[in-house]
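K.L.:
Below you'll find the structure I mean.
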Amino acid sequence: MMVTGSLGATWISFACCLCFVITYSSRNVCCSLAANTGKEYTEQDRQYWIENAKAKVTEKVKYVNKRGVAKNIIMFLGDGMSLTTLTASRIYKGQMEKRSGENEYLSFEKFPFVGMSKTYCVDKQVADSACTATAYLTGVKANYETIGVSASVKLNDCPGSVAPGNRTQSIADWSMAAGKAVGLVTTTRVTHASPAGAYAHTAHRNWESDADLAKAANLTDVTQCEDIAKQLITRSPGIDIKVILGGGRHKFFLNDTDKKGSRRDMDLVEFWKKDKAERFGNDKSAYVENREQLLNVDPSKTDYLLGLFESKHMKYHLKANATIQPTLAEMTRKAIEILKKEENGFFLFVEGGLIDSAHHETVARLALDETVEFSKAVQQAVDMTSEDDTLIVVTSDHSHTMTMAGYPVRGNDILSLSGSRGIDELPYTTLSYANGPAKTNDPANTNDPQPNVNCARQDLSKVDTSQLSFAYPHMVTMKDYETHGGDDVMVFARGPWAHLFSGNYEQNLIPLTMGFAAGIGPAARVVGGSAAFTSAGLGTAAVSSPLAVLTGALLTTLVVRT
């Protein structure tokens, strides 16, 4: 406990330092004003770049690492959002707003801490969305196309997937154990690989409904397993997830109804409605299927929300009817409005899943647009939460094979030709893929294989690259889709303990670190963590002494003035 004498000495030091800062600042104010009222530099001036960098240094020096408790955790997952996707998307964003785009930022690129994670599966150099979801949501790396199980479970091993020792616990489990609410939002089916990592255990990511599971009867004893949708609605932790928004109605309804479902056993939506009514009352839950219904949900009166907006994946933003389908930002907003009522906080998983889908089709325009929509959802969360008590982590599960090449001039349309030609004197686009599906850009022959006569390339000067579904060139033609890439992906973080996400690390470190920040999960009691701050009664934000605060300010002033 601080004695009166030391407290007085602290405040005396504070006052002295304050006088010094004021005096020092006043001596230099004329210099600052001169700089502010002097020449307005442009990118052609040397000083423009110097001042630009100095401003960024000033911003970084002022930032104080937050070491309090993360009451809330929001994880944003841009499926397939590679580093090249980020670069191209920020340019696309700027160009949609009539600027050159190269110096733009996506919302999360302004976060104070950035790292990189390694995405491989235990058995694959290049990962899929299932083994990666297991890594970034449960902290355990797994085998290709398996979810919520350790690498002891091989693909299609149904009996192995039900063994308790092989099943992983997700950050959704950890959150609920600590009394936190959980929500998940996605633009894919809610039973797709990424969201399923929060609640499911399966030896194959494709076992989304009982009909899907039945197809694997010749591969394993499927009688021991439950499909992913059924796990979400009837088993823990899925049955207690408070907000579920996305696509995938097909996996929840019976196949003999006008809902055109695929199930043979039960109507899972009806089960969900009955379960919530019996446990919490008729007026505490809501099921919605379109944008108007979603926006009309009253968060103050709704504790449980299930929204299934499409039979399969939701439609691409550029192809959707905006009056019927909600945006990712709108779904994120509604989820936070409901979850932020929770006294103990919440964990929310938000996926921009169609970035990946567009890349698989090599339709770069749609991939970039979905990334910009994803960025808007992140900004929505930033606007609705406090950096003092909410940790926001933005990352991707894996990369894609899209590259950005050539020497296009500044401001060149990122989705158009690069301005250069190959040895065959044919132009090429700035964006292209290492491999891709057999698809031509001839509107009359959209299902024909891409021409491949003596490796000849298509003359893109005769093709309209502004078509919404223009398929970008690739080197190797695949039977179905473009593949994932194996390179590391970016991780952006803001909020309590965000500084721990810097550096390069295994993907499975992400959920353990998020849990550490919130005082939940296997890493909750790591020495020096957020649990110590809770026990000390410091709440959600670390407290600094006046002297420490002033010292930081003084150092900032000295650096800036120098």
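Each residue, glycine too, has its Cβ placed from N, Cα and C.
Per TrEMBL, signal peptide is recorded for 1-17. Residues annotated as Zn(2+) binding site in TrEMBL: ASP79, ASP356, HIS360, ASP397, HIS398, HIS484. Residues or ranges marked as Mg(2+) binding site in TrEMBL: ASP79, HIS192, SER194, GLU351. Positions annotated as active site, phosphoserine intermediate by TrEMBL: SER129.
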K.L.:
Among the binding-site residues listed here (HIS192, HIS360, HIS398), identify the one with the smallest other-Cβ count within 10 Å.
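P.N.:
Ranked by other Cβ atoms within 10 Å, the binding-site residues HIS192, HIS360, HIS398 bottom out at HIS360.
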K.L.:
Rounded to the nearest Å, what's the C-alpha distance separating SER194 (Mg(2+) binding site) and HIS484 (Zn(2+) binding site)? Just drop the number here, would you?
P.N.:
15
K.L.:
Any same-chain residues 6+ apart from HIS484 (Zn(2+) binding site) with CB under 8 Å of its CB? Would you list them in sequence order, or say none?
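P.N.:
Long-range Cβ contacts: GLY80, VAL126, ALA127, ASP128, HIS398, SER399, HIS400, THR401.
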K.L.:
Taking 8 Å from the centroid of the Cβ atoms of ASP79, ASP356, HIS360, ASP397, HIS398, HIS484 as the cut-off, which other residues in that chain fall inside it around the Zn(2+) site?
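P.N.:
Near the Zn(2+) site, the remaining chain residues are GLY80, ASP128, SER129, ILE355, HIS359, SER396, SER399, HIS400.
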K.L.:
Check the Cα distances from GLU351 (Mg(2+) binding site) to each of the recorded positions ASP79, SER129, HIS360 and keep only the ones within 10 Å.
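P.N.:
ASP79, listed in sequence order.
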K.L.:
Return the member of HIS192, ASP356, HIS360, ASP397 nearest to the residue listed as 'active site, phosphoserine intermediate' in space, with distance defined Cα to Cα and candidates limited to these binding-site residues.
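P.N.:
Going through HIS192, ASP356, HIS360, ASP397 one by one, the closest to the residue listed as 'active site, phosphoserine intermediate' is ASP397.
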K.L.:
I'm trying to understand the geometry here, so how far is the Cα atom of ASP356 (Zn(2+) binding site) from the Cα atom of HIS192 (Mg(2+) binding site), in Å to the nearest whole number?
P.N.:
12
K.L.:
Provide the number of Cβ atoms within 10 Å of the Cβ of SER194 (Mg(2+) binding site), excluding the reference atom itself.
P.N.:
27
K.L.:
Going along the chain, which residues six or more apart from ASP397 (Zn(2+) binding site) have their CB under 8 A from its CB?
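P.N.:
Long-range Cβ contacts: LEU77, ASP79, GLY80, THR119, ALA127, SER129, THR132, ALA133, TYR136, SER194, VAL489, GLN507.
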K.L.:
HIS360 (Zn(2+) binding site) to HIS192 (Mg(2+) binding site): how many Å between their Cα atoms?
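P.N.:
Here the two Cα atoms lie 15 Å apart.
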K.L.:
What is the Cβ neighbour count of SER129 (active site, phosphoserine intermediate) at a 10 Å cut-off, with all protein chains included?
P.N.:
26
K.L.:
Provide the number of Cβ atoms within 10 Å of the Cβ of GLU351 (Mg(2+) binding site), excluding the reference atom itself.
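P.N.:
For GLU351 (Mg(2+) binding site), the 10 Å Cβ neighbour count is 30.
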